[in-house]
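Taken verbatim from TrEMBL:
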type	residues	note
DOMAIN	40-199	domain 'RecA family profile 1'
BINDING	G70, S71, E72, S73, S74, G75, K76, T77	ATP binding site
DOMAIN	204-277	domain 'RecA family profile 2'
Amino acid sequence: MVKKKEENEKSNELQDAVAEIKQRFGEGAIMKLKEVRAVDVDVIPTGSISLDLALGVGGVPRGRVIEIFGSESSGKTTLALHILAEAQKQGGVGAFIDAEHALDPDYAGKIGVKTDDLLISQPDSGEQALQIVEMLVKSGDVDIIVVDSVAALVPQAEIAGEMGEFQIGLQARLMSQALRKLSGIISKTKTVLIFINQTRMKIGVFFGNPETTSGGLALKFYASVRIDLRRIAQIKQRDEIIGSRIKAKIVKNKVAPPFKTTEFDIYYNEGISYVGDILNLGVKSEVIKKAGSWLQFEETQLGQGLEASREFLKQNPEITKKIRDALFAGRREDG
């Protein structure tokens with residue numbers, strides 16, 4: 001009896017501590033790992049339904065810093081452009097800070113970005129880029145800002161210096177200072193600030209993960225969501241490579257449980273295949289039934305094989321929406 005009383009007191013103390021943590025640091029500061037959707041937040045979809053589900057809240061949260069990182073050609077910019085396009089679909093204003101000077105407007109248009117309405121800047125230095133970001137955020141009228149990329153945010157001192165001159169920690173210091181200022185402002189203006197980053201190999205690391213990202217530790221600290229992208233396979237049509245299979249891992253998530261993984265397809269002429277994503281997820285969750293090589297949803301035959309079914313869903317968006325709703329309904333029931 002005494003032991004049970006002590007256990008109840010312990011449980012009450014824990015509940016009080018958790019409640020105090022949430023009160024002081026906000027919803028999402030602490031949660032149980034099994035909780036599927038812990039924080040009700042305003043989000044922008046990513047353009048990939050499987051990634052929206054892996055993020056736990058249906059997209060990337062507004063008023064937060066997001067980091068998308070990975071090696072070259074892993075779909076980082078494509079994913080960021082899809083999120084930007086989704087924000088524009090909701091009537092939002094988007095800005096793209098092209099520090100790499102590599103944005104392809106035609107490809108962005110194919111993905112769904114309204115390029116005529118897109119604010120774009122190609123800054124001369126890291127300081128200029130982050131000052132532009134600060135001014136856009138402070139305006140309160142920009143819904144999403146994409147910075148491509150952290151590695152290209154070169155400090156002015158490094159640009160002005162001699163080639164080969166050793167500059168220690170300038171970029172890390174610049175990022176730390178900028179994020180300290182920006183994190184508070186974006187939470188008030190509800191702006192989504194996405195930093196695209198690249199992975200680098202640490203020199204002399206023999207144990208553990210040798211990979212790291214550019215820009216120091218500040219971005220890892222201030223980002224509410226960090227998405228690690230990896231290209232794991234090529235998509236072929238006969239002998240021609242037409243796309244890539246991408247694996248995404250949510251390595252940090254302050255609005256839902258982290259460490260979820262998912263996969264989606266990126267086609268070179270269209271970006272993330274929304275209907276392909278729904279098909280893969282539908283088959284995996286058995287919302288879409290397989291009968292031999294044929295795929296079926298409820299009473300509707302979708303096609304023979306994934307490619308034929310993908311084309312059918314492209315032509316029938318109302319069926320695509322029904323499958324999407326069934327997937328989300330199934331996820332809520334599981335939660």
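Note that Cβ sites are derived from N, Cα and C of the backbone, with glycine treated the same way.
Since we're looking at a predicted model, the values are computed, not measured.
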Give the helix, strand or coil assignment DSSP yields for G70 (ATP binding site).
strand
If you count the other CB atoms within 10 A of the CB of S73 (ATP binding site), including all protein chains displayed, you should get 13
How do the residues of the domain 'RecA family profile 2' (204-277) split into helix, strand and coil according to DSSP?
9 helix, 39 strand, 26 coil
Setting G70, S71, E72, S73, S74, G75, K76, T77 aside, what same-chain residues sit with their Cβ within 8 Å of the center of the Cβ atoms that define the ATP site, listed in sequence order?
Q198, L229, R231
Can you check which residues sit near E72 (ATP binding site), meaning Cβ under 8 Å from its Cβ, same chain, 6 or more apart in sequence, and list them in order?
Q198
If you average pLDDT over the domain 'RecA family profile 2' (204-277), what do you get?
92
Can you tell which of S71, T77 has the least company, meaning the fewest other C-beta atoms within 10 angstroms of its C-beta, among these binding-site residues?
S71
